[in-house]
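**Q** Can you keep this structure in mind? I'll have questions shortly.
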Amino acid sequence: MSNGWAQLKQYLSRPHYWEDRPWAIFRQALGFGAITFAVLWFFEPFGFYQLSSAALLLVSLEISAAVIFFICLNWWLLYRLFPNFEPADQWMVKHELILTLFTTLLIAVAVGGILHAHNIIALLSLKQAFKVLLNTALIALVPILIFIARDQNRLLKRHLKQAEQYTRQLDQPEAAPIEHLVSLTDENGKPVLQLPAERILFLQAAGNYAEVHFLDETRQPRRELLRNRLKVLQETLPEGHFIQCHRSYLANQQLIRQVKGNARNYELVLEGTEQTVPVARSKAAPVMAIIGKT
């Protein structure tokens, strides 16, 4: 039992793709709306078999429209209510499941209102209201689980396959004959860290600070926190050595040893460290093009 629970928690914590394109969300909502219409029309739940064909068509269209509306509305509200909402790098299966179940709850409320408006049920009856909620959840549950599992497996396989191809394109670089000494300063211009650029693994933005991850003289990974912005530090780095793989990350392209993939995005594995560097979805194509030329 405990093993099964651990596996479930592990699955729910897997990275999941977050769709950030409005037209793709609308297309996805249309798909769910079409499925909803087909289920209502052919299976006639909620006592729909008592309706005339015209009434059945009208109610099915109204409920399908509610499905489309609430899917798009919840997606829009997340960005509207949370301006700093950036799920592309943190979205997991459990988040997708929670959002989908919440959307289903809103749809169930709308379904109850539609059925009440057409005198199919009386919402004053707690039993009837619960029945609507239960039936809506049961109708939606199977498609929800199927779509989440399908997207998870499809995107995971695609990114893993492409990550393997990108990794094969990586050539093990020869030792650089010339070292580019870099002096990284704080916001007051005071030098804090001086080392060859060839030993800098990556830089990561951390608010008003920047984390510099590098290899020491014994090739062991180290980290230094500088009070300076990533953009300012980027200007001190030698041109052609580092790639902006993410808004918050700069990676040393000469130290990239592997590309990993999951259902959400790609990650770079660099020499001498277990910490991976994420690749933003918008930067995946140019980053992989650079890797192919490395």
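In case you wondered, yes, glycine gets a Cβ from its N, Cα and C as well.
Remember, TrEMBL labels are computer predictions, not curated facts.
For reference, TrEMBL lists these features for the protein:
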type	residues	note
DOMAIN	192-293	domain 'HTH LytTR-type'
TRANSMEM	24-43	transmembrane segment
TRANSMEM	55-77	transmembrane segment
TRANSMEM	97-117	transmembrane segment
TRANSMEM	129-149	transmembrane segment
**Q** Considering only Cβ pairs under 8 Å, which range in 55-77, 97-117, 129-149 makes the most contacts with the transmembrane segment (24-43)?
**A** 55-77
**Q** Six or more residues out from either end of the transmembrane segment (97-117), which same-chain residues have a Cβ under 8 Å from its Cβ atoms?
**A** 12, 46, 59, 62-63, 66-67, 69-71, 74, 78, 123, 129, 132-133, 136-137, 140, 144, 148
